[in-house]
Amino acid sequence: MSNKRRYFGTDGVRGKVGQYPITPDFVLKLGWAAGRVLAKQGTKKVIIGKDTRISGYMLESALEAGLAAAGLKATFTGPMPTPAVAYLTQTFRAEAGIVISASHNPYYDNGIKFFSSEGTKLPDDIELAIEAELDKDIECVESSELGKATRLNDAAGRYIEFCKSTFPSTLSLSNLKIVVDCAHGATYHIAPNVFKELGADVIAMGVEPNGININEEVGATDVRALQKRVVEEQAHLGLAFDGDGDRIIMVDHLGNKVDGDQIAYIIARDALRRGELKGGVVGTLMTNLGMENGLKQLGIPFVRAAVGDRYVMEQLLAKGWKIGAENSGHVILLDKVTTGDAIVAALQVLASVVGSDMSLHDLSQGMTLYPQVLENVRFAGENNPLEAQAVLAAVEEVEAELGDKGRVLLRKSGTEPLIRVMVEGEDAELVQSSALKIADAVKASC
């Protein structure tokens with residue numbers, strides 16, 4: 001069996017709807033191939049959730065048909081955050097959980113990602129086994145062994161109660177006014193209720209999904225509307241979730257953005273204060289230097305993983321640590337959940353706000369973010385612009401200018417045809433001009 005993946009990226013199979021591999025025929029075969037592999041594992045039962053994209057209906061049907069042909073039973077949750085599917089997969093002792101979502105991407109993209117029976121990303125050997133089955137012709141099981149589909153009507157209620165259970169029972173949100181932006185995505189019917197039931201005065205936005213407005217100028221990838229609303233409503237803070245509920249970005253009462261690095265810092269510092277910090281914190285190559293320095297001042301160990309929550313998780317498991325994060329808002333808290341869970345992460349920050357009687361603004365001041373600029377350059381073709389001489393020369397020149405007061409990172413996106421250029425350092429103007437210089441070199445080499 002080849003170790004090279006053809007379909008699975010860093011976060012499952014993803015692409016533009018209607019273009020290979022996100023087509024009804026491929027997804028049907030993917031369901032069958034996954035069903036063949038999973039059927040050998042045990043219960044022959046899977047949980048299927050999705051976000052609010054219009055294409056979810058089509059892909060859900062195709063996926064279930066493939067699974068049924070392989071003899072697996074599917075339980076549909078309807079629109080449900082990705083971490084909720086991971087949780088429900090565990091509680092129902094299902095063989096796997098499947099999420100139909102493209103997370104923070106626009107509505108015209110979609111994807112399929114899998115969770116193991118433990119609520120974690122599928123092991124590499126299972127993904128490779130599924131890819132091997134995709135090379136075979138579909139063979140339907142005997143009619144008496146075909147799978148069937150059922151619907152889980154109380155999925156949202158179950159997950160809401162789980163989220164609330166991660167918030168200290170001695171605390172309440174009754175003195176907080178919170179603006180909650182659900183990105184017209186999978187948390188729209190869940191997140192506002194979690195915070196309301198814990199006592200908060202909730203102002204909800206991004207809770208009117210129509211199939212094509214997911215992540216559109218709302219949510220964790222675009223917090224401008226939330227920043228404006230928090231200030232207008234004189235709220236204590238704002239919470240922005242992405243389309244599938246695994247990313248969280250916060251906004252303080254002054255309208256300042258609080259990103260994944262700052263959120264992880266607040267959670268780690270609070271755990272240290274309570275004597276409950278188990279080990280250190282895992283970030284990524286994109287984690288701001290300010291977080292690394294802030295943790296160092298507290299005596300908290302820190303390591304960087306490759307970009308992607310899969311790699312953060314690998315480092316956490318290898319070290320036995322419990323807190324990992326990406327600045328984009330993926331926050332993994334292994335003492336509470338098995339994957340990145342935006343609602344649960346938000347609740348831990350709110351527990352710190354209430355427990356310390358400090359504002360989100362004040363809590364986030366413990367670390368100073370370095371100016372950081374990210375430029376995305378779209379590319380196509382077989383050539384690798386990262387190896388182009390002009391790009392290497394531009395990087396070398398910028399690194400010499402920054403010295404030990406900044407850093408440069410170039411990488412290919414794991415989910416889109418993009419080269420990501422990141423520059424950070426103490427001097428904001430130098431950082432901006434340096435990022436543009438490298439991005440121009442990448443564009444010229446594409």
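Cβ atoms here come from the backbone N, Cα and C positions, even for glycine.
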Of the candidates S103, S116, S117, S413, the one that Swiss-Prot places in the Mg(2+) site of D242, D244, D246: S103
Give me the count of other Cβ atoms within 10 A of the Cβ belonging to D246 (Mg(2+) binding site). 31
Quick one: pull the CA-CA distance for D244 (Mg(2+) binding site) versus S103 (active site, phosphoserine intermediate), whole Å only. 5
